[in-house]
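J.: Got these off TrEMBL a minute ago, pasting:
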type    : residues                                                                : note
BINDING : THR77, SER94, PRO95, ASN96, GLY97, THR98, ILE99, ARG100, ARG109, ARG132 : D-threo-isocitrate binding site
BINDING : ASP250, ASP273                                                          : Mn(2+) binding site
DOMAIN  : 9-394                                                                   : domain 'Isopropylmalate dehydrogenase-like'
SITE    : TYR139                                                                  : site 'Critical for catalysis'
SITE    : LYS210                                                                  : site 'Critical for catalysis'
Amino acid sequence: MEKIKMTTPLVELDGDEMARIIWHMVKEKLILPYVELKSEYYDLHLKNRDNTNDKVTIDAANAIRKYGVGVKCATITSNSDRKIEYDLKNFLKSPNGTIRDILDGTVFRKPITLETITPLIPRWKKPITIARHSYGDIYASTSMEVDAFTKAELVLTDRDNNEKRTLVYDFKEKGIIIGEYNLDSSIRFFAESCFKHAVEEKTNLMFSAKDTVVKAYDNKFKDIFEELYNEKYKEQFDNLGIKYTYTLIDDAVSRIVKSEGGIIWACKNYDGDVMSDMIATGFGSLALMTSVLVSPDGAHEYEASHGTVKMHYYRHLKGEKTSTNPIAIIFAWTGALRKRGELDGNIELVKFSDSLEKACHDTINSGIMTGDLIEMSSILHKKCVTTEEIIDVISNNIKL
Ligand code: NAD
């Protein structure tokens with residue numbers, strides 16, 4: 001069989017631990033036998049990020065801007081334990097944070113639903129997509145420890161040196177403080193991409209924040225969404241019979257749990273980070289979730305939404321077998337290859353992505369799966385297999 005050729009490189013960002021082990025298995029067994037892969041490779045292994053003072057992460061993000069499509073493996077965000085474990089020179093920033101700061105945009109996370117996997121929340125019949133704003137807020141914040149008897153103020157100095165200041169807190173004892181920001185342009189793009197996605201998917205959209213408490217900050221988000229909706233999207237929504245709703249984040253959580261799904265839930269950066277794990281777990285597993293960052297200039301970065309699966313990696317290092325679910329990593333690859341195919345008019349690449357995703361569905365629906373899915377599968381005769389075994393079965397199930 002002749003391999004599918006590519007015209008434009010895909011930007012490939014390698015990562016850490018068990019996710020990295022699976023990444024290479026997926027490439028070797030599921031991609032390279034079928035596709036003459038043209039990729040621009042960046043190794044985001046923690047040691048390499050440290051050795052390059054994180055230049056490799058910045059270069060990778062800029063390459064995604066240049067070529068338009070990237071695929072990223074999960075990476076470790078270093079903390080003091082990891083600094084010792086990997087003997088690091090630096091405290092590195094979260095690579096996802098660095099990439100999102102460069103690309104800006106919205107991350108769409110959608111569960112991969114399967115007929116034989118019953119969600120932990122059985123009312124959920126249709127996918128719930130999280131649209132996570134991927135710029136600013138706590139991920140770009142500055143925090144400090146504060147000594148007792150210290151007055152903390154927020155000071156804005158304009159270019160003519162005029163100051164606006166407001167008291168944050170007059171500390172009589174030791175404490176902590178944080179400053180965070182966002183930009184109108186980024187919020188507007190976030191809102192625009194959510195409305196566009198709702199129209200494309202013909203699905204209701206809900207945006208949630210906490211405007212009753214964080215008045216100037218969250219009201220800005222709420223107002224920008226409302227203005228854009230009334231100016232540009234209301235008519236399209238009415239024609240499609242879909243709805244836009246704003247509600248408080250606590251009300252949104254309760255509505256989501258009680259719903260049947262079939263909604264796009266737009267969340268601020270931190271809410272989206274937390275709620276996407278809740279949605280993925282509610283639907284079955286962190287490994288049954290797709291994730292794509294869409295930037296204002298049209299770049300797409302695909303990834304699995306789970307982490308590096310550290311505990312499985314430690315078992316793997318001891319020579320033990322693991323049963324780690326590769327589905328989200330495979331779907332990161334198929335998402336990126338399909339987008340590359342669509343942009344380049346490469347129908348074979350699009351068809352291959354569809355076939356590989358179908359092979360994943362067929363495998364789990366046939367009763368062969370990893371340990372994380374066993375309890376949720378409705379199949380009577382099911383088998384829990386190892387990481388390598390499931391990839392081999394998926395490979396055998398690919399029908400081109
Ligand atoms: P994790 O997602 O790796 O694991 C969380 C839990 O879910 C664990 O119990 C794990 O066993 C299970 N799990 C996750 N993916 C699975 C899979 N494919 N198959 C079976 N079970 C799976 O998150 P963590 O343990 O909190 O973090 C480990 C490392 O990952 C940390 O260093 C963190 O910085 C990093 N991380 C990276 C990303 C990313 O790059 N996108 C996201 C989250 C965490």
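FYI, residue positions are counted from 1 along the chain as it appears here.
Cβ atoms are placed via backbone N, Cα and C, with glycine included.
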J.: How would DSSP class ASP273 (Mn(2+) binding site) in three states?
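T.: Note: ASP273 (Mn(2+) binding site) is helical by DSSP.
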J.: Check the domain 'Isopropylmalate dehydrogenase-like' (9-394) for me and report the mean pLDDT.
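T.: On average, pLDDT over the domain 'Isopropylmalate dehydrogenase-like' (9-394) sits at 95.
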J.: Let me make sure I understand the structure: which of the binding-site residues listed (PRO95, GLY97) has the fewest other Cβ atoms within 10 A of its Cβ?
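T.: Lowest Cβ count within 10 Å among the binding-site residues (PRO95, GLY97) is GLY97.
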J.: Could you list the residues of the same chain, at least six apart in sequence, whose Cβ is under 8 A from the Cβ of LYS210 (site 'Critical for catalysis')?
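T.: Spatial neighbours, sequence-distant, of LYS210 (site 'Critical for catalysis'): ASP218, LEU248, ILE249, ASP250.
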J.: Give me the non-local Cβ neighbours of ILE99 (D-threo-isocitrate binding site): same chain, 6+ apart in sequence, Cβ-Cβ under 8 Å, ordered along the sequence.
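T.: Within the chain, ILE99 (D-threo-isocitrate binding site) has Cβ neighbours under 8 Å at THR57, ALA60, ALA61, ILE64, LYS72, LEU293, GLU301.
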J.: Quick check for the class: what is the C-alpha distance, in angstrom and rounded, between TYR139 (site 'Critical for catalysis') and GLY97 (D-threo-isocitrate binding site)?
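T.: TYR139 (site 'Critical for catalysis') to GLY97 (D-threo-isocitrate binding site), Cα-Cα distance: 7 Å.
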J.: Taking the binding-site residues THR77, GLY97, ILE99, ASP250, which residues show a Cβ-atom distance to ligand 1 below 6 Å?
T.: THR77
J.: Per the record, D-threo-isocitrate is bound by THR77, SER94, PRO95, ASN96, GLY97, THR98, ILE99, ARG100, ARG109, ARG132: how many Å separate the farthest pair of Cα atoms?
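T.: Overall maximum Cα spacing for these binding residues reaches 20 Å.
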J.: Do you see any of the binding-site residues THR77, PRO95, GLY97 whose C-alpha is within 10 Å of ASP273 (Mn(2+) binding site), and which ones?
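T.: So far as Cα distances go, none of the binding-site residues lies within 10 Å of ASP273 (Mn(2+) binding site).
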